[in-house]
Amino acid sequence: MPSFFALIPAAGFGSRMGDELPKQYLPLAGKPMIYHTLRTLCGSSRITRVFVVLAPGDEGWLRHDWSDFSGKLVVLECGGGTRAESVLNGLKAARGVSSIGDDDWVLVHDAARPCLAEAQLDKLLDELADDEVGGLLAVPVADTLKRSDTNNRVAHTESRENLWQAQTPQMFRYTLLVEALSMAGGVTMTDDAGAIEALGLHPRLVLSDTRNLKVTYPQDLALAELILRNP
Ligand SMILES: Nc1ccn([C@@H]2O[C@H](COP(=O)(O)OP(=O)(O)OP(=O)(O)O)[C@@H](O)[C@H]2O)c(=O)n1
Ligand SMILES: C[C@](O)(CO)[C@H](O)COP(=O)(O)O
């Protein structure tokens, strides 16, 4: 039976957040943001090990106490210039320190999605454990979509039929994901599924909800705090 591993890319700087501190360390419900992300993944008895990928020379990590996760958490200081590079570097480094089989599952989850609920995680694992390709949590687009011209005027309305917003975790077999991200080369992939799609494969979309938001802009913090305090 394949095992489940989690890998958390946390080497970004949060430029859209506009704070001096990388956003994964911003205070949220009494803890640094990434603490909440780690709590859900490290707290799952189905996940064997959790790898966190930091930027080389990251100074924020050592300012906090991570002993709640000892035994389960492995820190890798090998982040890259993009999320995809951080994930690929992390996958390679993880195999150097842990025994991961070719067909073991890796769940890649943004440090900046601290509100992932145990139920969402379990749903993903249940629905994909026997899948040939793997997949991701996602939500159907709820708003009407406008395509703009260069002057911020509506060029036309886009159909939202069959459109989903990709979330994380995104879950693929170890070797397939390493191959996919390696082959992506210089092409910008904002998520892991994109690299798998480039191989001609079709990841499965597992219905999630908007509480698993990504904290991207300052106003997202208040929403995340509300969700965490009212699980
Ligand atoms: N070079 C990078 C860039 C991003 N990430 C991680 O990928 C996740 C999702 O990225 P995003 O929300 O875009 O984070 P940032 O890159 O930090 O934010 P921004 O794009 O606003 O700078 C985050 O957990 C982030 O730390 C990473 O590990 N390495
Ligand atoms: C992986 C992701 O969270 C899925 O929505 C997203 O693509 C992260 O990338 P971005 O840098 O915020 O575009």
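Please read every residue number as a count from 1 along the shown chain.
Using the three backbone atoms N, Cα and C, a Cβ is placed for every residue, glycine included.
Database features, via TrEMBL:
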| type | residues | note |
| --- | --- | --- |
| SITE | Arg16 | site 'Transition state stabilizer' |
| SITE | Lys23 | site 'Transition state stabilizer' |
| SITE | Arg160 | site 'Positions MEP for the nucleophilic attack' |
| SITE | Lys214 | site 'Positions MEP for the nucleophilic attack' |
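Under a cutoff of 8 A between CB atoms, and with a sequence separation of 6+ in the same chain, the neighbours of Arg16 (site 'Transition state stabilizer') are Thr216, Tyr217. Taking a C-beta cut-off of under 8 Å and a sequence gap of six or more, Lys214 (site 'Positions MEP for the nucleophilic attack') has these contacts in its own chain: Asp110, Ala112, Arg113, Gln167, Asp220. Neighbour list (Lys23 (site 'Transition state stabilizer'), Cβ cut-off 8 Å, at least 6 residues apart, same chain): Gly12, Phe13, Gly14, Met17, Met33, Ala112, Val215.
With a CB cut-off of under 6 A applied against ligand 2, the recorded sites Arg16, Lys23, Arg160, Lys214 are reduced to Lys214.
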